[in-house]
Amino acid sequence: MGEGGLPPAFQLLLRACDQGDTETARRLLEPGAAEPAERGAEPEAGAEPAGAEVAGPGAAAAGAVGAPVPVDCSDEAGNTALQFAAAGGHEPLVRFLLRRGASVNSRNHYGWSALMQAARFGHVSVAHLLLDHGADVNAQNRLGASVLTVASRGGHLGVVKLLLEAGAFVDHHHPSGEQLGLGGSRDEPLDITALMAAIQHGHEAVVRLLMEWGADPNHAARTVGWSPLMLAALTGRLGVAQQLVEKGANPDHLSVLEKTAFEVALDCKHRDLVDYLDPLTTVRPKTDEEKRRPDIFHALKMGNFQLVKEIADEDPSHVNLVNGDGATPLMLAAVTGQLALVQLLVERHADVDKQDSVHGWTALMQATYHGNKEIVKYLLNQGADVTLRAKNGYTAFDLVMLLNDPDTELVRLLASVCMQVNKDKGRPSHQPPLPHSKVRQPWSIPVLPDDKGGLKSWWNRMSNRFRKLKLMQTLPRGLSSNQPLPFSDEPEPALDSTMRAAPQDKTSRSALPDAAPVTKDNGPGSTRGEKEDTLLTTMLRNGAPLTRLPSDKLKAVIPPFLPPSSFELWSSDRSRTRHNGKADPMKTALPQRASRGHPVGGGGTDTTPVRPVKFPSLPRSPASSANSGNFNHSPHSSGGSSGVGVSRHGGELLNRSGGSIDNVLSQIAAQRKKAAGLLEQKPSHRSSPVGPAPGSSPSELPASPAGGSAPVGKKLETSKRPPSGTSTTSKSTSPTLTPSPSPKGHTAESSVSSSSSHRQSKSSGGSSSGTITDEDELTGILKKLSLEKYQPIFEEQEVDMEAFLTLTDGDLKELGIKTDGSRQQILAAISELNAGKGRERQILQETIHNFHSSFESSASNTRAPGNSPCA
C-alpha cells in the first residue's frame, strides 16, 4: 500500500487495532503461531475461501511477512496500536497488546496517551485496565489538558470518578513539571481545569462530582482571567452557577477585560442568570464614558496635569491607587520628574512614604535615583522619611551613593537630613567598629564636633571646601589633610582624653600594639585629620548605616572628584613648587604633609616657622643597629621633649607653601621600618593656619633655630632596627619615645608612643611616607576596579601604596582574595602602574635612597659618646 511511507504490515496492524480485529493483530504480531492454524484449515473443502475471506489481506500479509511486526509501531502522527485499541474501547485487544509488551505511557506527537484516548471516549473498563498496568493518571498533552480534563469535557462521569479515585489532581495544576516530558515548546499551556471544561460543556453531574472532590471554584485562567462562574454565565447554566456560588465562587471577579460574571450574562442576554447575579455583584459595570477615560497612571504617563487633577478631584482615593507593579501615582510622577504633578498629588494627600510591593522603593528613592533634585527637595520638605529601606536594605542616601556621577547638592541635602534625623533620635550609646579596625578601645573614638551649628554646619562647610578644589589637580584621596582647610582658624578641640596615652616607661612597650589601631596617622598634628576621618565615617554610618554598601568611607560622597583617566602617582606633589619658583626635589620625591607645632617645656615658648631642610651630600655610613640607637639632640635645639635640632647639619629652615612641611626624621623612622606608631602628645592650641599633619614620624615636631630658648636634653629611645627585608605586613614592635628629666627641673611630659596603622615597606632602599595620600590612592584604585569590598583586607593587613605595587598572586591569596577574577584585575592594575610610572618611581626611590644614606651618616656622627643604644 505504501501510504504515508509506512510498511504495509504496520498499516495492517494499526487498522486491525482500530477496528478491534484481535485475530489479525495476533497473526501480525505472532506469525509463527498463525501459520499452523492456516495449515490445519487447508484439508477442509471450501474452508480456504472462507478463511481467506475472513482473514482478508491480513492473512496473506501475515504469510508474506517473515518477522513479527513491532508492537509499538506508530503512524505518521505517532499513534500506536495500543492507542488505537484504547480509543476504540477494544478491551480484549488492549489486554493482548499489553501482554505483548506494548508501552502503556507512549505518547503521540500531540502528547496524547492511551489512557487519554480511553477517557476521551468514556471507556471505563479500558481505562481501568490501563491504570492497572501503570498508566499515568495525571498525564497532560501539549495543550496542557489532563486526563481528567479530557474525561470531564466529554461528561463521562464513570471515568471521572475512576480517575479521581486513582489519584488524579482535581485542578491538575499541582505538578509543576508534568509538561516537561511532552516535547512541547509552549511555556504556558492552556490553564483549563476539569471543572471549567465540564461547565463549558454543561455537564452538571460532573461539575457536582468535581466540586465534591474539592475543585477550586475561583481558579481563573491566567491568559484571559475567566473564572468558572463566568463560563456558567456564558453557557446560561443557572444550576451550575448556583452550585459555584454555594461553594464560594466570587461574583466580583474581573477578567482581563474588567468584566464580571454578571456583565457576561448581561451581554449574552441570559435573563435568569442576570437576575440571579445582579444582587450578588457589587462591582457595577462602567459607563461608556468611564471606559473611555484613562486612569490616573495613564494620565501621569501622558503628563496631562489637567486630567490628573480632574481624576483626583473626582475621587481622592485615586492618588493612592496601586498598579500591577505595586507603584503609586506619586512614585510615577517622581520618576518622570514633573514637580507640578508631585505637588498636586501631595496636596491631595498622597502617601509620600508608601513603598511599592515589588522592590520596596518610595517616591523619594525614585526621585533620588533618577536625579530629580527639585522633587527630592520638595518631598523632604513634606516630611518624607529618609530612614525607610527598600527590600534590598538601601535607603535614599545609599541609592545616591550608587550613582556614577551623583549631584553634589543632592548628596549634601540627603546627608544633612539624615544627620538631622539621627540627631533628633539621639545617637546610639556605642558605635559599631570601623571595618579597618579589629581592636578599638573606647577611649579611641573621637567626639563629634559641636561647634558652629553642629554636624549640619560642619557638613556644609566641608561641601563648600569641595567646590573650591580644582578637579584636575585632585587625586581621589577623600579629605586628605594636606589640602588647605577653609576653616582652619577654628580652635582645635583638646583631645587629651582620646589621643593621649598614660605615661609609660621602657617596659611598657608591650602595650603599644593595643594602641596601634587608634589612628591611621601619627604625629601630634594628625589628631585633627583622624578626627575628620572618624567623624565622616561616623556621619555616614548614622546617615546611611547600610553595611552592604561598597564602602563606608568618605570617598563615596565626593561626586565632583572623578578618578583620573589613568593611575596617577605623585601627580599632586609634582605640580607643587616652592615660593621662589624653583622646583624642590624633596617635594617632588616625597608626598607632602603638614605639621603643627607643639611647644612644651617652658609654658610660653612660641613655635617658630618650620622650613624644609637642605642636606649636603655626605658619604654614606654602613647601616647598622647603631643608627637606631639613642640620639643626644644638638644644644642648639629647643622647644620641648621631642624637639630635634637640625641646624648643625647645615640645613636651612624654610617655610613651605600651603603650610605643608616634611619633617626629615619621619623619613628616617620610615626607613627603619618602624611598625605602626601614633605620636600621642598633649596638643597645643595655636591659631596658625597650618593644616593637620598625618605623618609617620615619632618626632614630627618643629625645631627652633639656633639661639632659641635654653636647651633641654632629651633622650630618644627606639627599638632595635629590624632587618631590611621585612615583609609588607610586618608586625614589629613600635618604637617608643621616652623623654629624660629636664635639666631645669621641669616636669617631663608624658611619654609618647609611636604607632601607625600604615606599616610601611621599603623597596630598593627607599620608603613611602605614611600619609593619608597612600591609602586614598589605593582606595581610589580599588574603587576604579569596583573592588571596594577588599579595602578592609588591605587596611587590616596595613598594605600601603609601595607594598601594593609589589604584591604577587600568591600575596593576594594570602591576604584572603580568593576570587581569580578579582586577583587578575588587581595584578593588571599593578602592572599598569609599574609600567607607566616605572622610570619615575625609580628616580623617586633613588632620590629617597640617597637622601636617607646621607642623613644616616650625618645623624650617626651627631650622637654623643655617652649614650648607648637601647636594648
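Including glycine, each Cβ sits where the backbone N, Cα and C put it.
Lifted from Swiss-Prot, the feature list:
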REGION    28-54  region 'Disordered'
REPEAT    77-106  repeat 'ANK 2'
MOD_RES   Asn138  3-hydroxyasparagine
REPEAT    143-172  repeat 'ANK 4'
REPEAT    224-253  repeat 'ANK 6'
REPEAT    291-321  repeat 'ANK 8'
REPEAT    325-354  repeat 'ANK 9'
REGION    424-445  region 'Disordered'
REGION    477-532  region 'Disordered'
REGION    565-659  region 'Disordered'
REGION    672-775  region 'Disordered'
Practice task
Take the repeat 'ANK 9' (325-354) and find every residue of the same chain, 6 or more past its ends, with a Cβ under 8 Å from one of its Cβ atoms.
Solution key: 296-297, 300-301, 303, 305, 308-309, 312, 316, 318-319, 361-364, 366-367, 370, 372, 374-375, 378-379, 382-385, 388
Practice task
Would you mind listing the long-range same-chain contacts of the repeat 'ANK 6' (224-253), meaning Cβ under 8 Å and 6+ residues beyond its ends?
Solution key: 193, 195-196, 199-200, 202, 204, 207-208, 211, 217-218, 259-262, 264-265, 268, 270, 272-273, 276-277, 280-283
Problem - Arithmetic mean of per-residue pLDDT over the repeat 'ANK 9' (325-354) - result: 86
Handout entry: Helix, strand and coil residues within the repeat 'ANK 8' (291-321) as assigned by DSSP
Key = 24 helix, 0 strand, 7 coil
Practice task
Using DSSP, break the repeat 'ANK 9' (325-354) down into helix, strand and coil residues and give each count.
Solution key: 17 helix, 0 strand, 13 coil
